[in-house]
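Some features that TrEMBL has for this protein:
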| type | residues | note |
| --- | --- | --- |
| DOMAIN | 46-148 | domain 'Nephrocystin 3-like N-terminal' |
| REPEAT | 548-584 | repeat 'WD' |
| REPEAT | 629-670 | repeat 'WD' |
| REPEAT | 718-759 | repeat 'WD' |
| REPEAT | 761-802 | repeat 'WD' |
| REPEAT | 849-881 | repeat 'WD' |
| REPEAT | 892-923 | repeat 'WD' |
| REPEAT | 935-976 | repeat 'WD' |
| REPEAT | 977-1018 | repeat 'WD' |
| REPEAT | 1029-1070 | repeat 'WD' |
| REPEAT | 1072-1113 | repeat 'WD' |
| REPEAT | 1115-1156 | repeat 'WD' |
Amino acid sequence: MRGRSHVQTYIRAEEDVQDIMEYYRRIHSIFQKLQRIVLRECTLPQCRDVGRIIPTIAYQLAQVSPEFALELSRVLELNADSQLQGLETQFQKLLISPLQSASKGLSLDLVVVIEALDECEDQEGAGLLINLLLAQPNLPIKFLITSRPEPVIRASLENSSAHFEVCHLHSLDETTVKGDIRAYLEDELRHMPTPLTNVQLDSLVERSNTLFIFAATAVRYIRSRNFSMNPEKRLALVLGASNTTSEVKDAEICELYMTIVDSAFTDTALEDWDREDRKRVLHAVICAQQPLTILALADLLEMTPKRVDDALDALWSVLSVPLPGSDGGFVTVLHTSFRDFIFSCPDSKTFYCDQKQHNQKLAHRCLEMIRHTKPSFNICALESSYILDDEDSRLPERIKAAISPGLLYSCLNWIAHLEIAGGPEDWDQFSEFFTSSLLLWMEILTLTRCIGLGPRVMWRAQQLSKDYNSGGTLHDLVQDAHNFVTMFASSPARLSTPHIYISMLALWPRDSPIYGSYSQRFCGLIATRGSTIASHQSRILSKWLVGDAVSSLAISPDGARVTTGTSNGNICIWDTQSKQIILGPLKIHLDAVTLVAYTPNGLYVASCSSSAMVFIQNSQTGQIALGPLKAHSKRINSIVYSPDSTLLITGSDDCTIRAWSTSTGETVAIFEGHTAPVLSVTCSRSENRTLVVSGSADRQVFILEIRTAVIRVVFGPLDGHNSPVTAVACSPDGSCAVSGSADGTICIWDTHTGRMLRRCPTSHLSSISRLSFSPSGSQFASCSIDSTIYTWDLFSTEPVVGRPLGTQTCALSALSYSPYGDQIISCSEDGVVHVFGTTRAGSDIAGMADGHLAQINSVAYSPDGAHIASGSHDKTVCTWDAYTGCRSLGPLEQHSGTVEVVAYSSDSSLIVSGSADKTLIIWVSQTGKIKIGPLRGHESIVYSAAFFPDNMRVVSGSADHAVHIWSVSTGELIAKVRDQESWVYSVACSPSGSHFASGSVNQTIRVYEVSEDFDASSEYASQPLVLKSDAHASPVLCCAFSPDGAYIVSGSDDGAICRWDVNTGELTIWPVGEPDSIVRTVAYSPDGKYVASGSEDGVICIVDARTGDTVAGPLQAHSDEILSIAYSPDNTHLASGSADGTIRVWSIDRLQRRLEPQLGTAQRLTKDGWVIDHSLNRLVWIPHDLQDRLSLEGEVFQIASQGSFSLDMASCNRHQAHENPTIVWSIAIGAAGPLAVAVVPPIRRRFGWAPDERIPTSYPLPNRARATLTGYDDPA
C-alpha cells in the first residue's frame, strides 16, 4: 500500500525469507490450523490503548491453548492486577512467564498478528512493545506486525541488534505489487454476473497504482450487497473517473471517494428525504466519537432502524456496516482518509460536513435525549438501597430495557461534541443539564459502570463554562457539579446507584448550587441534626491508598496524572479521575524517592533519592531518558525543572545546588553558598531571568539567578527564620517567594528587592513539609508534619479559611495545586493521597464548634460531672460543658509542646496537664489561670499525671524512665522514682491515696506504697510490687485502679484488657478486640461494675468488671485510634478522645441497648464510610470529610473543630402510608409543573415502584395533608 494509508510490515521469523509474498502463500495454506490473534483496525477508542495489547494477546492465547491458560491463571492468582501494570510488567507476567512454562504444549506454528500498531495513541508505548518483542528472540510463537513507519517505531527497529525481517511495502517491486493487486481483484470480482475482461482488470490495476486501499474500496463498491446493486454500472463509474498522475495518491483516493459518494447522492430514484437521510447518517458516523450501532444511530437521529439501514445502503464501500439482521455490530469509517475527505470538500453541498456545526447539532441532540429520558429518576426501578448494584440479579435486564445505546452514547459523548464545536451555542440548554439532568446522567453512568469517566467529563465542562459570562453563576454551578461527581465516582457509594440521592444529595452542602437545584424535588431524604451539614463545604473530594509511605507527589501540567514517589523507592503514575495506576510501580531508585517533578510540557518526570541519584523518565512509557545522574555526594532533597525545561535544579545534603542540562545530563552550574543541607529549591521565570529560590538547614534563604552556566546570588542570605528552612515556593510570575521552616513559620519575600513582605501568623504546630502556589498566584498552600493543610491569601497573609483545609491522621509529605487551581492534592506517610476542593471554602467558617485542631491525647471528667477537660496535639488545654459540649474554658496555650495528659483534682478545682515540652502545669479549672508551673524536672515527654486524692500532690510519668511526685502548693519536686527501666506511659493513684502505680514499655506495672518521707535527692524508699507475666508480656500503655483499690486494669497490644489482683499479682485476661489491635486506654466505672477500653483501631468496648463479659461494643467509635476514655462520675456517660481530632460523649445506657437488634437504625460507621444497621444493611455513605463529625446511635454529642451532626433516620419514614412505600418519579399536577418525591425508608427495603405499576392518586404529603394528584396518564 502507498500514500497516506501505506503500511510497513515487520516480520520476526527464524527462517530466511527471500520473497515475502512467497512466505504469505506458504503460510496461507496452513492459516486455518494456525490459531491467530488479530487486533483489527483501531476503531474502538480502547483499541488504541497500547496497554490493552498484551492482555488481549494473553486472553486469546489462553482461549486456544489450555496449557497457556493454566499457567496464566497461576500468574493472575499471584498478581491479580497484572493487566493494570506497565508494559514491561505485563509482558513479563502475562506472556513470557506463561509461554516459557507452557512451551511444550504450544503449537509450533502459532502466529500472532498485530495490525495497525501505528494507530495506538501512545507511540512511545508502541515503540516499547517492539523493543520488548525484539528482546525475546526465543519465544515459542511468531509475531507479525503491520504499521506505518512512524518515527518511534522506526527508531525501535533501527536501534535493535535482534534478528528480524522487515518488509517495506512501498519499496517492493512495483510489478510484484501490481501482480498481487491483480490477483486480489481477480479473486474478489470473479463472481460478477458479467465476468471481468482482461482490459477491465488491467484498467482497475492501473487505477489502483500500487494502492491497495483503492483496490479494496473499489471492490467493496462494485460488490455491494453481493453484486446485487448493478455491479456493471458501478464498475463503469470507477473506470470512467478521470485519470490522474501516479504521484498524486491522495487525489486518487479522494477521486474514488467522490465517485462513490456522488453515486450515492445523485441516484435519480432517490427522493429529497432519502438524500437528507443519507446525509444525516453519513455525518453522524463521520462525527461520532465512538462506533455506533444502527440502533444507536436511530436513537441519535430520531429515525427508525430501517431508515438508517436504507440510508447506509449506498455507503457500504466506504463504511463498515453490519449485515442486515445481525445482532449488534458497529457502523464505522473504513479508513480515516474518508473522514478527512468529507470534512474537506466545502464545495460539495451534497455531502460536505462542517465539522464544528455538525458537532454542535450532535451535542444539542445528546443533551436533549438525556433531558427527555423517562422516567427521569430511578431509571431502572431499583427496589432497595441496601444492596449494591452487582447484588441485583435482575439489573442487567433492566439496564438493557431502560438505557438505549443512543442514550448511553449521548451520556458519554455530549461533552466531546461541544468541545469540537468550540463550546455551546445554547447556553441555556447547557445550564439546564446541570440543574435538571445531572443526577439522571449520573444514574445512567453508574448503572453502566461508566461513572469513572464522569469526573473528566465534568472537568471538561468546567473549562467550557469559563468562557460564558454569567457573573460566575454558571461556572460555580459546573464547578460544584464537578466536585459532586468526583466525590461520588471515587467513593464506595458508586457501587449502589440509589445513593446518588440517599447519600450524596442528602449530605451535600446546603448552600451549594447542586443541593439548591435538586433538594426541593425530593422529600423523604435522610435528615440531619447539627449545624455541620448546613454550613460545611465538600473539601475532601476523594482519596485513595497508594500502599507505601508517600514521600513526594507531582501533578502533570494537564492535571490528568499524578506521579508519586515512595519511601521504598517506587515511582507510580496515577490517573487523577479513576485513581487507577497507569504506570508502575517503577523500581528505579534503590532507596527513598525524596521528590518528583514534571517538565512544563508533561513529557518527562524527574526524580531524586536518598542515594544522591537523579533519573529522568518518559512519563508515558516509564522508560529512562537520562540517568542516573551522579554528582551530589549526599542525599538529594529537592528537584525542579526550569520553566523552559532545559535545566534541572537539585538541592542536596552536601550543601550544594546543582543545575543539570536535561539534554546531556551534565552539571552546568554549582552553587555552594549554603553552610548546611539544602532542603528545598524552586525555580521560576521573572523579567526574562531564570530565578532559583533555596532554603537550607542553615535557616537562610537565597534568591539566585542562573545565567550562562553560572548560578549568581541576587539576594541573600535572607534572614527571617529561626529554624531550618524546609520548604520554598515561587509565585507563577516570579515576583514573590514563600518559605516555611521547621518551627511552622512562613515568610513571604519580594524577589525583586529581597525584602520580607510579610510573615504569616503561626498556624502549623510543626515543621512545614511543602508549599505550593495556586496557578493564579493569589493564594498558596502549606502542609506540615502536624498533618494539617492551610491555604493562605498572598496579600493578607491570613488563612483563606480560619482552620486547616485538611487534617489528616499522619504526617503530610507533599502537596500541589491542580493546574486549574480548583483542587489541592496531598500525600502522607501512611500512603494515602487526598484530593481537596478549594472552591467556596471561605463560607463555612460560621456556626462551627471550636474544637481542637489536632488529635486528642487525653480527656478527663471533672468529679462534679459538670465539665470535661481535654489535652491535644495542638498544644492546648480546653474544658467543655459536659451536658452541651460547648467550650467553657480555653484554649489554654502555655505549653510549647503537645499536651499528652490532663487530670482533675478530686474537688474539681484544679487541672494538671503534662506535655511534650517536658513540663507540667496546674491550672485553676474555673478561670484557666495557672496556679503553679510550669513544673520542670523531667528530661523528656511527660506522658501521664494524676492527682492524689488529698489534692496535695501530683504524680507524673515520663519518657525519661522516671516517676516524679510534686507538691501542688509549692510546685516543688518532692520525690523521684528512678527504678523504672523504660518509658513510663501511665501512672495512677489508688482511691485511698495509699498507693500509686506506674506502667511502662518494659511490660511491667509497679505499685508503690506512698511514703511520708519524701526526698527528691535520693531514691524512693518504698519497694514496689512488680506486676508482670511472662506468659502475657506486653507494653503497659495505660493502667487504672478499681474504685476499691483491689485491682489494676491495663491495656495490652494483643487486643485484651489485663486485670491484676493488687494483693496476689494474679492476672486475668479479657479479650476485647482483634488480636493485632493495641488497647490504648482503660477506665473503671465509678461504681466498679464495668471496665471500658479504647483501642488503636478506634473501637470502644465495655466489659463486666467481674466476669469480663462484653456488655457494650465492640463499637467503631472513631475513625482513628482512641487515645483516652473517661467515665462520668454518675456512671451514665463515657467520653472518648481520639487521634481523629474529636471528643465523643456516649450514653452508657444507649451503648448497652445497641446490642439489641434494631433494623434500620444507624449502628456504626465502617472503615469505608458506610453507616450500617445491626443487620449490616448499608443505610447511607458518609462523605470523607464528614465521617469524623458523624454522631452515631448512643452518642450524646461530639466536640470537633468543624462541628458535628447526627442522622435522623426517622425522617425517612414519616411519609409512609402504604405497606410498601413508593417513590413517585414525576407527576404533572395541573399547571404547577413536575413534582418528584423520593421516599427512601431504611426499614422498608422498597426503593422504587416498577415502571409498569400504577401509583395511587391519593398520596400523603409532608404536612400529613392529603391531596388528589391528577393529570397524569402514564405508569409512574
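Using the three backbone atoms N, Cα and C, a Cβ is placed for every residue, glycine included.
Unlike curated records, TrEMBL annotations are generated automatically.
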Per-state residue totals over the repeat 'WD' (892-923) - DSSP helix, strand, coil: 0 helix, 18 strand, 14 coil
Integer average pLDDT (0 to 100) for the repeat 'WD' (892-923): 94
Intrachain neighbours beyond the repeat 'WD' (718-759), with Cβ under 8 angstroms and 6 or more residues off its ends: 676, 679-687, 689, 691, 693-703, 765-773, 775-777, 780, 782, 784, 786, 792, 794, 797
For the repeat 'WD' (1072-1113), sequence-distant contacts whose Cβ falls under 8 Å of one of its Cβ atoms, 6 or more beyond its ends: 1037-1044, 1047, 1049-1057, 1059, 1119-1131, 1134, 1136, 1138, 1140, 1146, 1148, 1151-1152, 1154-1155
Region pair the repeat 'WD' (1029-1070) / the repeat 'WD' (977-1018), three or more CB pairs under 8 Å: yes
Top partner of the repeat 'WD' (892-923) among 849-881, 977-1018, 1115-1156 - counted as Cβ pairs under 8 Å: 849-881
Long-range Cβ neighbours of the repeat 'WD' (977-1018) (under 8 Å; 6 or more residues past either end): 940, 943-950, 955-959, 961-965, 1024-1028, 1033-1041, 1043-1045, 1048, 1050, 1060, 1062
DSSP-derived helix, strand and coil totals, residue by residue, for the repeat 'WD' (849-881): 0 helix, 17 strand, 16 coil
Composition by DSSP (helix, strand, coil) of residues within the repeat 'WD' (1072-1113): 0 helix, 22 strand, 20 coil
Secondary structure content, the repeat 'WD' (935-976) (per DSSP, counts of residues): 0 helix, 23 strand, 19 coil
